[in-house]
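*Asks:* Shown below is the structure under consideration.
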Amino acid sequence: MEDSDKENTLLLPNNKYRNQNFIRNQDEDENENENNDNLENDNNKRNYISINNYEPYKEIDNNNNKNNNNNNIINNNNKINFYNNLIPRIKSYFQEIKPFLKYCSFSFLFSFDPSEPYLVDYFTNVLGINQTIVYQEIYPYWTYSYFVFLLIFGILGEIIGYKVIIIIGMVAKILTIGVLLSTNNIIWMILEQITEGLSYSAYTVFLAYIYFSLDTSEYQKMACRVNAGYLVGIVSSGLLGQLLVEQRLPLVYLLSIACGTNILALILALGFSNYKIDQKFSLKEVISDLFGTFKNADIVRWYIWSGIAISIHQIVITYWQNLFLQVNDEQSWNGYISASAYFFASFFAIIPSKLGNKINNIQGIILVLFGLLGGGLLVLMGFGGSTVVSALSFIIYNCCFEFVSPIVNVQIAKKLSSRIGVLFSFNIMVALTIQVLVQSAVGKQFLNLDIKTQFYYYGACLFFLSFGFAILFGFLFLKKKINSNSNSNSNVDVLIVNHNTQNQNSEEKKKKKELYYNANIIDFENNNNNNNNNNNNNNNNNNNNNNNNNNNNNNNVGIGGNDNFK
């Protein structure tokens, strides 16, 4: 018993533990079953949702991803198209502004000369040449050279091309500065003026070159822009020269800077295209073209105005420094004066390009007003007792001229159909001829006027020009008005005649209708009468036929009675 009890006591804990383990295992199995059931329920729910609702949250995410991808693709395509279109746009833009950059840059570099406002000072103070010799014996050769080479370059440009002439002119401009830097001999100074005139005559050929390289409709805009570039070059170089002079730098430095800009202009000219006339050069054709242009009254009118106005302007530009030197006996403000004159003039030079064809209706008024205003300003320059009055007069005068000059040049270019270079050069030659005559008249050969009195003379020339053109434009206006009135009267007469002829025609038509109507009535009456006569005749015939029938009947009765009687 004891052994069995021991065994039982020993077995009890094991059984207890086994029972506990069994209970635990049972609980764990139940938990696992519950978890499995929960998982199955969740899976069933998910499957139900996925089957019945097609997992919309996943579709929304997929749609958003697709939209984002599509947007990214569209953005990438837009960027690619933008960059692909950007390069052609840039190329086309540069092709459009390429002539503007080339021509305006060349004009700017050509005119960029800081030493220009101080040349008289350089001649007198640095080289030691007398002022009277400067403006009576040295400066006139610029005009002579300009005149001769205009004719030569105008003809050569059509043979060898305008580009070659422009390059020759820039080489001559560089040689001009080389002569100024190397010697003070008067003969060499005269040679320097000859090369300077040669370079400016080549610049005139450059203006004709612009006309050849562009459409006629674009020439006025480009001419105004090139003129503005020229003026900006003068303004900026004048300010630079003034600053350098105030820093007590020698004038030789200014000439060296001008030489450098001329070399840059020469390099730029080497890249120009070479335009020339396709037809062979013939002197007879050139002469015939020149005479043909003078058959056009409009061209003659513009030639006369430009000849006188340009000649006076060239003289004023050449001698204004001498005038200020006599007024103030110093040239410390010449840089500011020159820069101000051309700075404000550059804005006025652009105005005609903005107005376009609107300015054609008031051209005559503009030319007349310029003569009056410009002449008064030149007289005021000569009369001015101070540099301020003379400087203000010079600035306003220069603005007026630079405003009118592109208008005249464009009008001349529009009237010309061929040989633009020769005819442009001939226009300047007319101006230079007048300039030589004016300089000879005021010089020591004839009147021997001092510099102040010369400006009175120049102003009087513009006054006469203005009055002459006022009379001419007034005559043309009256002629046009008379012609318009005569045309209107003739139109009224024509209308009256047409009205009378229409009345006559209508009366004749009425008469014809009446005659036709009467004739129809007469014909109708005659037809009625004829019809009546015919009817009467028919009736008579019918009566005769009836009588004959009666007679025949009677005869038949008699014969029949005899038979019966028999």
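Placement of Cβ uses the backbone N, Cα and C atoms for every residue, glycine included.
Annotations for this protein, taken from Swiss-Prot, read as follows:
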COILED    24-81  coiled coil
COILED    517-544  coiled coil
COMPBIAS  526-556  compositional bias 'Low complexity'
REGION    25-46  region 'Disordered'
REGION    526-566  region 'Disordered'
TRANSMEM  148-168  transmembrane segment
TRANSMEM  171-191  transmembrane segment
TRANSMEM  194-214  transmembrane segment
TRANSMEM  226-246  transmembrane segment
TRANSMEM  252-272  transmembrane segment
TRANSMEM  304-324  transmembrane segment
TRANSMEM  332-352  transmembrane segment
TRANSMEM  364-384  transmembrane segment
TRANSMEM  388-408  transmembrane segment
TRANSMEM  420-440  transmembrane segment
TRANSMEM  458-478  transmembrane segment
*Asks:* Taking 3+ C-beta pairs under 8 angstroms (sequence gap of 6 or more) as contact, is the transmembrane segment (252-272) in contact with the transmembrane segment (226-246)?
*Replies:* yes
*Asks:* How about the transmembrane segment (388-408) and the transmembrane segment (458-478): do they have 3 or more C-beta pairs under 8 A, pairs 6 or more apart in sequence?
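*Replies:* Stretch pair does not touch.
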*Asks:* Between 194-214, 332-352, 458-478, who has the most Cβ pairs under 8 Å to the transmembrane segment (364-384)?
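*Replies:* Comparing 194-214, 332-352, 458-478 against the transmembrane segment (364-384), the winner is 458-478.
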*Asks:* Are the transmembrane segment (304-324) and the transmembrane segment (171-191) close enough to be called in contact, which here means at least 3 C-beta pairs under 8 A that are separated by 6 or more residues?
*Replies:* no
*Asks:* Please figure out which one of 171-191, 332-352, 458-478 racks up the most CB pairs under 8 Å against the transmembrane segment (226-246).
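*Replies:* Against the transmembrane segment (226-246), the leading stretch is 332-352.
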*Asks:* Could you tell me the mean pLDDT over the coiled coil (24-81), as a whole number?
*Replies:* 53
